[in-house]
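Student: To start, I am sharing the structure in question, which I have written as structure tokens.
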Amino acid sequence: MKALLDLFKQVQQEEIFDAIKIGLASPDKIRSWSFGEVKKPETINYRTFKPERDGLFCAKIFGPIKDYECLCGKYKRLKHRGVICEKCGVEVTLAKVRRERMGHIELASPVAHIWFLKSLPSRLGMVLDMTLRDIERVLYFEAYVVIDPGMTPLKARQIMTEEDYYNKVEEYGDEFRAEMGAEGVRELLRSINIDEQVETLRTELKNTGSEAKIKKYAKRLKVLEAFQRSGIKPDWMILEVLPVLPPELRPLVPLDGGRFATSDLNDLYRRVINRNNRLKRLLELKAPEIIVRNEKRMLQEAVDSLLDNGRRGKAMTGANKRPLKSLADMIKGKGGRFRQNLLGKRVDYSGRSVIVVGPTLKLHQCGLPKLMALELFKPFIFNKLEVMGVATTIKAAKKEVENQTPVVWDILEEVIREHPVMLNRAPTLHRLGIQAFEPVLIEGKAIQLHPLVCAAFNADFDGDQMAVHVPLSLEAQMEARTLMLASNNVLFPANGDPSIVPSQDIVLGLYYATREAINGKGEGLSFTGVSEVIRAYENKEVELASRVNVRITEMVRNEDTSEGAPQFVPKISLYATTVGRAILSEILPPGLPFSVLNKPLKKKEISRLINTAFRKCGLRATVVFADQLMQSGFRLATRAGISICVDDMLVPTQKETIVGDAAKKVKEYDRQYMSGLVTAQERYNNVVDIWSATSEAVGKAMMEQLSTEPVIDRGGNETRQESFNSIYMMADSGARGSAVQIRQLAGMRGLMAKPDGSIIETPITANFREGLNVLQYFISTHGARKGLADTALKTANSGYLTRRLVDVTQDLVVVEDDCGTSNGVAMKALVEGGEVVEALRDRILGRVAASDVVNPETQETLYEAGALLDETAVEDIERLGIDEVRVRTALTCETRYGLCASCYGRDLGRGSLVNVGEAVGVIAAQSIGEPGTQLTMRTFHIGGAASRAAVASSVEAKSNGTVRFTASMRYVTNAKGEQIVISRSGEALITDDIGRERERHKIPYGATLLQLDGAAIKAGTQLATWDPLTRPIITEYGGTVKFENVEEGVTVAKQIDDVTGLSTLVVIDVKRRGSQAAKSVRPQVKLLDANGDEVKIPGTEHAVQIGFQVGALITVKDGQQVQVGEVLARIPTESQKTRDITGGLPRVAELFEARSPKDAGILAEVTGTVSFGKDTKGKQRLVITDLEGNQHEFLIAKEKQVLVHDGQVVNKGEMIVDGPADPHDILRLQGIEALSRYIVDEVQDVYRLQGVKINDKHIEVIVRQMLRRVQIVDNGDTRFIPGEQVERSDMLDENDRMIAEDKRPATYDNILLGITKASLSTDSFISAASFQETIRVLTEAAIMGKRDDLRGLKENVIVGRLIPAGTGLAFHKARKAKEQSDRERFDQIAAEEAFEFGTPSAPAEEPQHPAE
């Protein structure tokens, strides 16, 4: 019996493979795949529904329609398996072979494959070195191409029109050969000698000098070398045989009523066959050339449409005027094979339903409706029923289940016990979007979800749905339980904060319970323990918020760590606290002191509390604690009965007067404008400023009034306490609402924006409590609608960004423990404008030290290199005031094809060092993409008053210490004895007693220094002041002013101030005035000494020249005596172009796409001395002379702000012209560390503005992937071409090989690729093709004969293997090790056998993979 069953089963052993190769198929290969030629365009007989013979669905070619049954019905049943029927020619076998058997069409005339012709850059064009336009003219029979010029003056590959051709034939007879159509192109391809071409190209490359030629040759060389290496012949790009897809993959299904639904491919194939057959007939009839030619062209077009419809010319359309879906359309795009079927499979054993809240569940549970569970666990129930003998067959078991008999429910309970299910809420933006829970059976039809996991799922209960999936195998259940159980995922992988933080009601309840009130009932009582407090509270002797004294028992860690000693010991102390806090102390986990609860618990505090619990008490205690906090919070919020009413929105009493004052000021500005004292723009700016200040003032007054309330204390005196106003409590606790929203309810709504983003100058002075009038309502509708439109856009954009990020990092997995590198980056606290934006502890927490951390006072090593810096370590480092720590980073990790655990550091979602096999790339992408929807979509316009901060005009110290200047700080002392700064990049540091940097401030050019280097100062001391509205030009030398090229009406114009009547000279742009001679001149000042000689720069022969840029107001006169540090001219800063600052999501995308900004700042290419050369039209010439004396020139537009001056020494990579930085320049001139710092800081700025926390390491991981390719500078003896971009690990492998063979390794430059570019240029063609530009990627891969080693996650998902991450990584490693040992054993046995027989050992054949 068993043998018979096995006959039925015939399980196909699936192949085990480690790589997939793609290549061009030769005509013979196509024929070898085929099971017969399709000769007729017929599909099926419309009466009998049987396939036509030799047609597109022919059973003889493709196999039988019914299992084990031939077409005519002569042979049926299994016993005839493998017989070929002599009547109908059909093999008796399974019908599913119709999914895998291919046919072919012999083309009467060769046809070019459109992918290799039209997919840019055209591969055919590259190989033939002809333009695409010319090849197309030949292929579509518009022109001839010379194949063999013979003895004529014609050139090979020359294109000629028909007329030309006939003339030449008359002239030369048959001395030469020219052809048209694909035959001609095929001849040309066959005639190419690849090896020879490669040699010539390599020599050409060495000898040519022109950039364009180098580029062209390198491109062509790459394609030809690919052909050479892969053994693919170029003429295979021209098809002689067309393969036909198996019929089940292009089905034809009869609908009722005699109509048929068919795949578009059948139409396309029919066209090809019809035209092919017609062409065959015409050729047999020896029809006139012109007719045959037309038919060949039509055949070419038909094949084009089949392969890629619409790529050339108009798309072929079906009966309904809709373009037909070709083979290319089947695989590309969102609905194509890759993204729809290979990456997005639907799964069995799943269901979805609405979610409702389940406050009684434990954190690791979810409520599963009985009916759903019954359906999901059906097979398990069937099995149990059979085992228990309730049902004899599966059919009987099925009946039992359908009737839902009582025994079924008991069995369901049993089956479900300890069997986790996975819940998923779409969109799954990060790994916490799928978590495992233990199901609890419930009545009803909705899934119950624990409230604390809502934050991770981003779920709410307004109708959200969730999907349930059942892990089937034991391994899957185990992984779900250990890795995915909700109680094991309590931290966000993005930043390491707890994800199970209470919100809304829970927060409100806990806040209310831990507030204190003055003179509450029972204030000042003392209690002996918490149980007494609870009794008093239940008997209404005390209120929740009353201040009382209580003896509280805390469990503290035992000092005695000996064997058998308890871990925690009780400690009793008296606390002054409130009733609510004392009651809450009951749920404190052992190891946490009561002090963490002895304060009003706001949302931030609760988050910190859970974090502390996790670090001090471990995962288990924390989960229990969080659950209990939630229960208490809900209970207390219910008991508190907090509600809001209109009267809670207190409108501030001062509102009328504040608004009235503002209106008066606005009137005053209107008057000034009417009398012409201010411009329209100034008036508008001022009005907007006034109203935004007013809005703030009203809001402040409102919050002051709302936040406190009068109360009588125990002594009978009136005092104020924090308010118990419901609205204030909600906002203050962080449960709901914010100051801004309360301001709209009870203050004033303030200014509104127009559709284009500009601000309407009349504000809405009303608030929602008073109500809006029609105009106010109308003004505010715009903002509301724009918000909705923005949200929709944002979601799509954010999703696309996430997709690109995942694609670029998907193959980055932790593959080893330590790569052993000593490199790292120096981490400092992030300081902006003297404020610490991000403390050092946050930046190094969870990283591995790259060098020893040394105590600056005692010089002893605190932490050795290679130590993981945890909370205690960073606290030590902070306490000792160490201000810089070198840590390992993903950027400098030397692991190839992955990362090592030490360079990555702590896995933030688990709180310990990352495990080998963790897919850190995907986690990084999710962490950056997930908050994307919270970012704004807007571009900020600076100018107008949108978000103008007051312009800074001084800096002051924030802490006590000593002033220190950086090396680049230079200043001169002027006649008044003031120190004037003349450096552009000088900074002042404040250091503490041991000399550690506490803060750092940029001091701009032209500032007056109030404190000098080494001065001891107190916090709040001003360090420097400057005029914020103008930028001065200052002389560093004294002397007599001598103007050069200052001609009124040519380079300067006289401006007379309307109000004061004084005149000043303004430098104007020369090109506005006609005189040609004045083009190269630039107004400047030279200084003369007492003898009338030009003052020289000390130590050189250069005369001092101080140039004025366009727009400068010259404040000195010709011949005037000036002192050192005196101002020669001022440039009003208002006249500088207002820069748009790209914010939000577009900015993040711009950084990761590594786009060069327009008007980028210019960085110095070398270290050297600056001088100014001769100006050209509209440009100024800046020259840097390096230390060897070579000159490097930069041409800079006149209106740009140059940050350096004559004679200044600049360092390589220093900014010399103002503007946004170009990341490519930073990488080239300052290196990887500077680049990473730039991208990390810029991305963090955007997220920080929205209050989103992301750990730096995620951004570093992305930057590592952006840097994964290098450009070859000198190829040494390697197989690369200079200028080629290759994968870094490839190049390092190749260089290792060269060094081992004593050959010259290649040298290279780092290059930065944007994430889209990096994803497409990955080594894996499967991953690239499934990302974007599918056709182009596949075309290129096919020509190169590329091999995909299946290293990344995506490729493995697509081919259906376990992914090489997590447990899958271990699986693949073990499998490879086993294969290796099998191979060695096989060799050993073969050798032993050979030895025994005493024969000379024959070479052992390579074993095929042993069936596993």
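Cβ atoms are placed via backbone N, Cα and C, with glycine included.
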Student: If Swiss-Prot is the reference, give me the range from 195-215, 1392-1412 marked as region 'Disordered'.
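Tutor: Checking Swiss-Prot against the ranges 195-215, 1392-1412, the region 'Disordered' one is 1392-1412.
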Student: Please work out which residue of CYS72, CYS900, CYS903 has the most C-beta neighbours within 10 angstroms of its C-beta, and give that one of the binding-site residues.
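Tutor: Counting every other Cβ within 10 Å of each candidate, the maximum falls on CYS903.
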Student: For CYS85 (Zn(2+) 1 binding site), list the number of other Cβ atoms lying within 10 Å of its Cβ atom.
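Tutor: Excluding its own Cβ, the number within 10 Å is 20.
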Student: Taking 8 Å from the centroid of the Cβ atoms of CYS70, CYS72, CYS85, CYS88 as the cut-off, which other residues in that chain fall inside it around the Zn(2+) 1 site?
Tutor: ALA59, LEU71, GLY73, LYS74, TYR75, GLU86, LYS87, GLY89, VAL90
Student: Write down the Cα-Cα distance for CYS70 (Zn(2+) 1 binding site) and ASP460 (Mg(2+) binding site), rounded and given in Å.
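Tutor: Rounded to a whole number, the Cα-Cα distance is 59 Å.
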Student: To which of the binding-site residues ASP460, ASP462, ASP464 does the lowest count of other Cβ atoms within 10 Å belong?
Tutor: ASP462
Student: Measure the Cβ-based neighbour count of CYS893 (Zn(2+) 2 binding site), defined as the other Cβ atoms within 10 Å of its Cβ.
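Tutor: Other Cβ atoms found within 10 Å: 26.
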Student: Using the alpha carbons only, what distance in Å do you get between CYS903 (Zn(2+) 2 binding site) and ASP462 (Mg(2+) binding site) once rounded?
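Tutor: Pair distance, Cα basis, whole Å: 43 Å.
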Student: In whole Å, how far is ASP464 (Mg(2+) binding site) from CYS819 (Zn(2+) 2 binding site) when you measure between their Cα atoms?
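Tutor: Approximately 45 Å lies between the Cα of CYS819 (Zn(2+) 2 binding site) and that of ASP464 (Mg(2+) binding site).
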Student: Can you figure out which of ASP462, ASP464, CYS893, CYS900 (the binding-site residues) comes closest in space to CYS70 (Zn(2+) 1 binding site), comparing Cα atoms?
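Tutor: Answer for the nearest of the binding-site residues: ASP464.
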Student: Should CYS903 (Zn(2+) 2 binding site) be counted as helix, strand, or coil on the basis of DSSP?
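Tutor: The three-state answer is helix.
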Student: Would you list the other residues of this chain near Mg(2+) - those whose C-beta lies within 8 angstroms of the C-beta centroid of ASP460, ASP462, ASP464 - in sequence order?
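Tutor: Checked against the 8 Å cutoff, the neighbours are ILE355, ALA459, PHE461, GLY463.
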